[in-house]
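Report on one structure; see the data block that follows.
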Amino acid sequence: MGIWECCELLNEVVDDSDPDLDEPQIQHLLQSAEAIRKDYPNEDWLHLTALIHDLGKILVLPKFGELPQWAVVGDTFPVGCAFDEFNVHYKYFRENPDFKNPKYNTNNGVYSEGCGLDNLLMSWGHDDYMYMVAKENGTTLPQAGLFIIRYHSFYPLHKHGAYAQFMNEEDKKNMKWLHVFNKYDLYSKSKAHVDVEKVKPYYESLIAKYFPAKLKW
């Protein structure tokens, strides 16, 4: 299916971790995208990134495997190194066998400093899924757009600076854009209702610019 079809499909998703459950998902996507469009009118890739960043949540729907919420939404974190105290619900990580495994419980674990976030194995969720969909379908979004999609739920890093030792120079550049994006995502959504039909042609033009008409999901 195409990207816009997926945006509409997302309306069937209820994200239990979302503080803004009173709005359909497509309103959240468009509110974020329209707010960024107003403040960054020349960065059309960023408008589209905001529109599609949560599309991976379709994984909770029956036709996409009906994965449980914990495997799709919420914060992400790397595995293969010590769990940081800034990971949400940190106390429960003590029950994870990796917590006591000397191979995985040091600061760097199986990685090396500056190895780049690309080389970390992240916990599974809607971020990584949508990143893979975009990449495998040959999107022409710039690297910063893919970075936002892949790491927007990696709150331990971009909110608290945890795991920063793994970032390389490219990651640091892209992180600036993720911080810009974050201001328009959680908790800062405008309550102004977006007229979907009015803005749809603009976003369809961006989809056509950066994506094929139909994607394999």
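A Cβ is built for glycine as well, from the same backbone N, Cα and C atoms used for every other residue.
Curation does not apply to TrEMBL; its annotations are automatic.
Copied from TrEMBL, the annotated features are:
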- His28, His53, Asp54, His126, His152, Asp185: Fe cation binding site (BINDING)
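All protein chains included, His53 (Fe cation binding site) registers 25 other Cβ atoms within 10 Å of its own Cβ.
Cβ neighbour counts within 10 Å, taken over all protein chains shown, single out His126 as the most crowded of the binding-site residues His126, His152. Neighbour density around each Cβ, counted as other Cβ atoms within 10 Å, peaks among the binding-site residues Asp54, Asp185 at Asp54. Same-chain neighbours of the Fe cation site beyond His28, His53, Asp54, His126, His152, Asp185, judged by a C-beta within 8 angstroms of the site's C-beta center, are, in sequence order, Leu29, Ser32, Lys57, Ser153.
The Cβ of His28 (Fe cation binding site) has 22 other Cβ atoms within 10 Å, all protein chains considered.
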